[in-house]
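If you look up TrEMBL, you'll see A:227-250, A:270-297, A:326-349, A:369-391, A:397-424, A:444-464, A:666-690, A:722-744, A:765-784 marked as transmembrane segment. The annotation domain 'ABC3 transporter permease C-terminal' is assigned in TrEMBL to A:229-353, A:675-792. The annotation domain 'MacB-like periplasmic core' is assigned in TrEMBL to A:449-638.
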Ligand SMILES: Nc1ncnc2c1ncn2[C@@H]1O[C@H](COP(=O)(O)OP(=O)(O)OP(=O)(O)O)[C@@H](O)[C@H]1O
Ligand SMILES: [Mg+2]
């Protein structure tokens, strides 16, 4: 009995393969985008965790200096003597060849086991590690870059992130020129119970408990949140398809259900059969989706890696490993999505009376009341979004604002469209035009899900596009200002640097030192740069967000400091606030500058003051101003006359091109996800139109009988689809702009600490409109061909008794 | 002569093979005349009506209306003919579901370029559907729908009205009432009427009666 019933139910799909394909494909695409994004996220997260556990030994308690950036050797000795089980670390940035490496000097003998990442191995290894010229433990990628530029032996460890190296502390001490100055101390987990307190032995250092989250993960969280939000959006768009298709398939099988039940199949068995059918479909679609998702993810991952590297300096391997967890989540999402979107249909089967006439159009009939309720809920959500944007704080609030905005706008769409169509219908006097609007309005309930999905996809495109373009334009303008010097040169060592300082001035307009030291300010590690504030390069080009009138004079005199926007926002600083720089040097803040794309804090002081307070600052890098026409000549002389390797002289154009390249790859990911989402929405539209075309004959037949040709009806059908797409597109533009505004002014500030001015690019919308138009035409093509070639007898059958 | 069918034949190709439905029909209809078309189920009455209405085209033969051969027209010409020269009333689905009753009634008249408010008002009054004007088709009963369909057809003042069992879905008394109104209205509009019906009682009410059998008029 059960088997016979199952065959009867399944025969439906055999007769409607396109419907089956729509259902499976819709769900697969939704799952694919979701699981693809999850795969990327999982990969990136895993690599941050690895990176930070290796580099920062974040699981361990650490001892750090209260002031300045070093702990004297003596303090360490004192602690060891008092019985503290601590291990010293010296770290700093070091240039090998052209590569900047974060050098972390450790003491293999006292290093706590839990610090991880580094295996002391056998004694012969240990001896090599601890003696000259030393060993660098690096990643595969870093090893390739360093090969040939250092005498130190390179040892590859899969746990190392790119751009960092472990070495022996003695070697780090000499390479970094930090005689007896330790960066921090690691505290082993195993300690004697009766230790004297830190305050009594070494009040000059502070205890830092293990952070629960790695720094870089915090920074990139927002990026992943963005990705997840996108994945979820695409998933929801896909569920619209599933909802519509399942609803139709159930409605079309009403007669079968009724027959089966009147033949004695209990309701529970029918439900069981239907649920099983849905679960099987969901499972199949889920597997297909996860596979597509894997492909999508592995295509996108190289760009994601480049994005994260570009934005945050976080390194992510650009190949994907298969994690069982996201297989499981992908499938679970597919199944949960199917259940959610078919719950209503299932419920209706359960509550279906045995004897009612079939209502093939009932599933479409979203009543006026329904549309009105939707309108009200949508409006409420928009108001909530506005209120949250005005009064709320925090990244999650930012995303809540986004969510309310998108959902509210989507819910309002059918109601607003319906109202507009009603007005158009009233204002038209020609019969055919009136009918056109009225008929379009009648299609709305059946198309509303697809239109809502389309709105979301288009708004996301407009919004993210605006954000990216604003970002790009601002960034490039900012690069032009920041990279004002024509040439950037780097000496290989201090003696060459001093030769350079003597050689350059006679051959250039001015020479701008680019020197920096790393240090801790207000508890954050940041870079302290020196600026030749007297030079017009700074006075004319350096973009300031706010500052005192005489900013540059005060910087030049060493009586002020500039801070970057992110540091300024994070610490809620104000002009005039005093800052204590490493070494106890206290200066007031005189200005704030924008520093896009830099996750870290940064401060700028006068170059003379920098050199005076931090005599050990490395003086290797310089910006050189020359008349632009002479730049190429000077570059040539720097290599041939002065003897610098060519790669140590970079001209501004190359540098800008490189920066731009990094930046452009940055947003390939969002672009790709945008395109996918639009694709899924287009597909939703296609399947809705196809569905509708099957039940439209009774609506079209009378008009045809009264003397409108099939060809004209088909043309009107195209116009109708285009009109709906156009209306949705027009609605999507303000929603998208609002989305961009929220991204730039709320989410970005909360996530990255800086705010971008929003710029508007109507040309981009035009391109999007053309793409959407193409998608619209594709989506109507199949239903249209059906209509244009329909036989008169099919239309005539509508009027006869046979229906 | 308003409409003449000359040696019209029509066949359908089905899975079982060729099905000859009409085999050389000759038939004339004068202006203002009302004719009942009867015949067994499946004898081809609807088919004949569709050919006369320019909804389908015959395999052979001529369908002459005001001197023009409808059978020789292309898709555009036939659409034009339907718009201007005929009014159709079917058994069901006559009305446009997205338009209210008022808009349905003036739809064909506007398409034909013969919209006449006075006449429309008179029709609505005589059909007794004043109260229904702002309703939608799905909110009407079958009899009400057919009355609106008749109003819609006559509002366009076509010289020829073709009706295919217009009351087939209605009960007898409602059906009789609707037919009564239709007859008197077509008469006062001066239109000719060709009506398919199964009921000899209804056929009696018309000027003339033709019977279709074996693919021929007998
Ligand atoms: N499109 C078609 N394809 C194949 N056969 C058709 C088609 N339309 C009608 N027929 C067949 O042509 C014959 C005549 O059909 P028609 O609808 O004209 O009959 P009818 O006289 O109107 O019958 P009824 O009184 O039942 O309405 C029937 O046998 C029908 O099955
Ligand atoms: Mg018939």
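A Cβ is built for glycine as well, from the same backbone N, Cα and C atoms used for every other residue.
The model shown is predicted, which means the values in this text are computed figures rather than measured ones.
Ranked by Cβ pairs under 8 Å to the transmembrane segment (A:227-250), the stretches A:270-297, A:326-349, A:397-424 are led by A:326-349.
The stretches the transmembrane segment (A:722-744) and the transmembrane segment (A:270-297) do not meet in space: the count of Cβ pairs below 8 angstroms, excluding pairs fewer than 6 apart in sequence, stays at fewer than three.
Under DSSP, residues within the domain 'ABC3 transporter permease C-terminal' (A:229-353) fall into helix, strand and coil as 106 helix, 0 strand, 19 coil. DSSP places the residues of the domain 'ABC3 transporter permease C-terminal' (A:675-792) in helix, strand and coil in these numbers: 100 helix, 0 strand, 18 coil. Among the stretches A:270-297, A:369-391, A:397-424, A:444-464, A:765-784, the one making the largest number of Cβ pairs under 8 Å with the transmembrane segment (A:666-690) is A:444-464. Remote same-chain partners of the transmembrane segment (A:270-297), defined as residues 6 or more beyond its termini with a Cβ less than 8 Å from a stretch Cβ, comprise 2, 5-6, 9-10, 23-40, 43, 246, 250, 257, 260-261, 320, 322, 326-327, 330-331, 333-335, 337-339, 342, 346, 349-350, 676. Cβ atoms under 8 Å from those of the transmembrane segment (A:369-391) belong to residues 397, 400-405, 407-416, 418, 444-445, 448, 742, 746 of the same chain, restricted to positions at least 6 beyond its ends. Long-range Cβ contacts of the transmembrane segment (A:444-464) within its own chain (Cβ-Cβ under 8 Å, at least 6 residues beyond either end) map to 230, 233, 236-237, 240-241, 243-244, 364-366, 370-371, 406, 409-411, 413-414, 417-418, 421, 670, 674, 677-678, 680-682, 684-685, 687-689, 691-692, 724-725, 728-729, 731-733, 735-740, 743, 764-765, 768, 772. Mean model confidence for the domain 'MacB-like periplasmic core' (A:449-638) is a pLDDT of 84.
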